[in-house]
Amino acid sequence: MSTTKNSDARSSREKAPAGERVADWADGRLGIYSLAKANMRKIFPDHWSFMLGEVCMYSFIIIILTGVYLTLFFHPSMNEVEYHGSYIPLQGQLMSEAFNSTMHISFDVRGGLLIRQIHHWAALIFLAGMFVHMMRVFFTGAFRKPREVNWLFGFLLFVLGMFTGFTGYSLPDDLLSGTGVRFMEGAVLSVPVVGTYLSFFLFGGEFPGGDFVARFYSVHVLLLPGIMLGLMVAHLILVFYHKHTQFAGPGKTNNNVVGMPLLPVYMAKAGGFFFLVFGVIAVISAIATINPIWSMGPYRPDQVSTGAQPDWYMGFSEGLIRVMPGWEINFWGHTLVLGVFIPLMIFPLVLVAIAVYPFIESWVTGDKREHHILDRPRNVPTRTAFGVAWITWYMVLLIGGGNDLWATHFHLSINAITWFVRIAFFVAPVLAFIVTKRICLGLQRRDKDKVLHGRESGIIKRLPHGEFIEVHEPLSQEALHTLTAHEQYEPAMIGATVDENGVERKVKGTEKLRAKLSKSYYGEDSQIPKPTAEEYKEITSGHGHH
Amino acid sequence: MAAVVVLLIALAAIGGLYSAVAPTGQAKADETAQSLTITEGQRLYSVGCASCHGTGGQGTSDGPSLVGVGAAAVDFQVATGRMPAATSQGAQIPKKKNIYSQAEIDQLAAYIASLGTGPSVPTEEQYDPDGADIAKGGELFRTNCAQCHNFTGKGGALTHGKFAPDLEGVDPKHIYEAMQTGPQNMPSFPDTTLSEKNKKDIIAYLDAVNSEDTVEPGGLGLGGLGPVSEGLFAWIFGLGALIAVAVWVAARTAKAKKS
Amino acid sequence: MSSQDIPEKNLPAAQETEHGAVGVADEQNPFADPGLPPHEHRVQDIDEQAAKRSERAVALMFTLSMVATVAFIVSYVAIPHDKAIYVFPIGHLNALNFALGLSLGLALFLIGAGAVHWARTLMSDEELVDERHAISAPPEVKAKVLADFRQGAKESAIGRRKLVRNTMFGALALFPLSGVMLLRDLGPLPGTKLRHTLWSKGKLLVNMNTNEPLRPSDVVVGSLTFAKPEGLEEHDHEFQTEIAKAALMIVRIQPDDIKDKRELEWSHEGIVAYSKICTHVGCPISLYEQQTHHVLCPCHQSTFDLSDGARVIFGPAGHALPQLRIGVNDEGYLEALGDFSEPVGPSFWERG
């Protein structure tokens, strides 16, 4: 497995090839041989869902490359200029330099539009990729010890990605993004006590002022991507350090990792995948418009267009703000703008709900062991149901965020959709939870049947006495093992309430909660007991199948 | 509703037939062409419109008064098929196939115009976009129209199922008339506040950014709806394509068949 | 978590179940792990002809990628930047963007496809096994680290010399305040700026479209007009900031249809002037439905009834749109009779 080079064995250096001499030079200064020893033939398991993280990493790299190019032409300034570029329908219009230079990139720099579109499409795909990657990690339980910290790194990347996106699409100072910035002003103003001051500091005075583009610019190109780059490197280092998780299967244990070596297979596959991702995004950017600022026109605070939405990853917050009733409380000369402030507070809560989940689960199980074998979602019904409920919640809010387009495209009343979302916000996650849990249990039951009675072969046999039966083929040893490899916990029990001296102790609320949660996770209603060796023997040694 | 439409069409057809075969011409030779048109219009009106708008255009509980709405309103409503409307409406009367000839519409318009002064049908010179200031039209559009009709006139939602329609393919004359008369819930933009030149600029802008020949420099316009359709596209075609590629990259190569 | 909590042995994780060790399935454990399946060869591993075909396919992809890059360069040089073409089924688009994107995409995609095809068909596909090692350090390492740490802490005397420790914490805690102070000049203090707009007594209402002052006769029932205060021009340095507060929406309602008494008083013969800036988060609200007199915000669907003091009838806005009191001056033009009586736009803490 290792490719250690024994330099002593090679008595002199004169015969060493040039490549080795360069490597020797670097090793003497950087210690690369020791580094390569552990990593050059590192094993990565093959599964398509393990490549979702790569989609994110590569689109992030693409965003950085194209972003640097865009900075060469973009002017982050709000000085007013008159437009005299190639696009006729804006001739002579007053606009900020930011908008003007984005128009210049789009119409007068050759390839500028392509790079702009790649940058923006890659950003949408980056966030979508992170979302799906996060869900993959969630539903397979890959966040369990020792990977909780990496889960948090990933979560932070997702949140920072949202804000990098927001500051990015606000830069061209067009009518759509300006409307979004205006919303941001309103949201900041709603913060009790300090909101007005924060808003004045953010915009350098009253909205829109002449500062926010330049300020967003340094946040967008330096501060946030800098932090993200650091987090991403840490995220990757931890993936290497922990070694990748794998699904249960023959030969796969909690103490090994089965797959292909980094050199050469993963070098070629992962390296090639970068080009594939870049290629797909470039083709999309050749055929589909994104953020056509020339159609939207320059920002003016007294103009607006219907269909004013943020990019998709901010859509759930748009939903929150749209469906909130207009509560406002006035007291002692002050105003508490609950209609804006409550959604502003639920916004982080929606995200935090999923971020803290791993810690809740590990508290309930009290499990301190390392887990490297992934769960099949059906085998952890409560977690899976929670995840689906969360996604449902998120989707309901996305529907709320696009309520006007739902109305026009499905001929519905916008008020009815808003009311639907208001109710579904509370009801839909609960329903999703119940339904998902039931589906998971059904699937577990099916797995159990398969193990005990074999696979339905589709062959119908007629017995001597005339009865028709379907022949069930026994499963292979590989399949039997894979379907029974998962662990099943027993629910926690509150310990003795009376100590050895007969003194009754008080059972704390947290203890009761923990036992209750544990029961909902691992109680009778929450998992189908795995087939035992006895059950299996009884059935297979008996009449075979019936 | 379909039955009602059929009935209306039938009524209109009978009305049209009637007006075609009715003894006209000789007996009224002394009348002016104008009053002849008005009479024809009145006849059409009594067949197709009077049941809702009243026999004299005074309005009923089913339809508003038409006194003073002017010829432009009639031309818009009838030529875009919105009038005559089916009796049971949704939230808003939609545009549909027009059942009158332009000559009949002109007669109807002349009759309604005779009930009270209102905006007249614009001449081609008024709404022809040639030579208008497209960029100024864009600014005016964003100030006055985009809030309901979207940046480039793709339409948008109003309250309780009402909507502002997509403006692609709408005859410039009808856009002009709509601005002037304010059909249904759309406010009007009379010449006193939105000048003739302003209207022409807006029509020129729409012609440039929302027609079949409009160039979308970046490719597919995705409906011109903004980030919602872009997000859907990124998920379905962007991430979808990448996952398909990932499945290929990660899949095991087929094994040689065991011999 | 605490010592008072559920005992470890009662927790779900305490019930160990073995990840079946590799072994033969037997009476005791019918579900035992049979171990890695034997490696099977691909066609390319046993048939050199097939391997050759794969090699040629990979080489073809790399070659086509080179062709695509040449096509990119040729397109960049040859295609005018403003040329439009019609591509079925996409529509009319910019020829240069299309050509550059397609050739770049192909050049990249083919490199990736070639590399992956190479890896899948020509590189070894035998699965290998890496052992895992516990992440946590062994006890002796932990003991050594803790001992080192105690030794270091002892030598620094941070525990013993409390004065040094506490003053150091104090200094470290205070110095970031300088950084916070430096942010003070990001903007001026709000003062009463959000309470005032450019409107004042005698300012004429100027039509946004024509840049002419409005007369009552210009505004007919059912029409919608937007206005700005006299003297504010688009070229002005402060235009954006001022119009963000002063933008006005003017409609005319039959006086009999106006339900709110103050609204009628502040109107001129049914002509009412309301702030165009939504009281929710500041979108220019202006989707006026002339039959219902409702005005809808396109951003978050707050709906106001302009015939009833612009009170909120749907959506997330918290209070009515501010009305501007208007009248007519000696020359017959519409004029403001003062500033708005309350702050326009989104609510804020000091609004009251």
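The backbone N, Cα and C atoms fix where each Cβ goes, glycine too.
TrEMBL annotations: computationally assigned, not manually curated.
The DSSP breakdown of the domain 'Cytochrome c' (B:36-116), given as helix, strand and coil counts, is 41 helix, 2 strand, 38 coil. Residues annotated as domain 'Cytochrome c' in TrEMBL: B:36-116 (among others).
Positions annotated as heme c 1 binding site by TrEMBL: B:C49, B:C52, B:H53. There are 17 other CB atoms within 10 A of the CB of B:C52 (heme c 1 binding site), with all protein chains counted.
The domain 'Cytochrome c' annotation in TrEMBL covers B:132-210 (among others).
Sequence annotations record features per position, and here TrEMBL assigns heme c 2 binding site to B:C145, B:C148, B:H149. The Cβ of B:C145 (heme c 2 binding site) lies under 8 Å from the Cβ of B:G153, B:I202, each of these being in the same chain and 6 or more residues away along the sequence.
According to TrEMBL, the feature transmembrane segment maps to B:232-251.
In this entry, B:C148 stand out among the binding-site residues B:C49, B:C52, B:H53, B:C145, B:C148, B:H149 as having a C-beta under 8 A from a C-beta of chain C. Taking the domain 'Cytochrome c' (B:36-116) as a whole, pLDDT averages 87 in the prediction. Between the alpha carbons (Cα) of B:C49 (heme c 1 binding site) and B:H149 (heme c 2 binding site) lies a span of roughly 29 Å. Less than 8 angstroms from a Cβ of chain A: among the binding-site residues B:C49, B:H53, B:C148, that describes B:C148.
Counting only the Cα atoms, the space from B:H149 (heme c 2 binding site) to B:C52 (heme c 1 binding site) is about 29 angstrom. Looking at B:C148 (heme c 2 binding site) and B:C52 (heme c 1 binding site), their Cα atoms lie 28 Å from each other. In terms of DSSP secondary structure, the domain 'Cytochrome c' (B:132-210) contains 42 helix, 5 strand, 32 coil. Other C-beta atoms found within 10 angstroms of the C-beta of B:C49 (heme c 1 binding site) number 26, with every protein chain shown included. Non-local neighbourhood of B:H53 (heme c 1 binding site): B:Y45, B:G59, B:T60, B:G63, B:P64, B:S65, B:L66, each in the same chain, at least six residues away, with C-beta under 8 Å from its C-beta.
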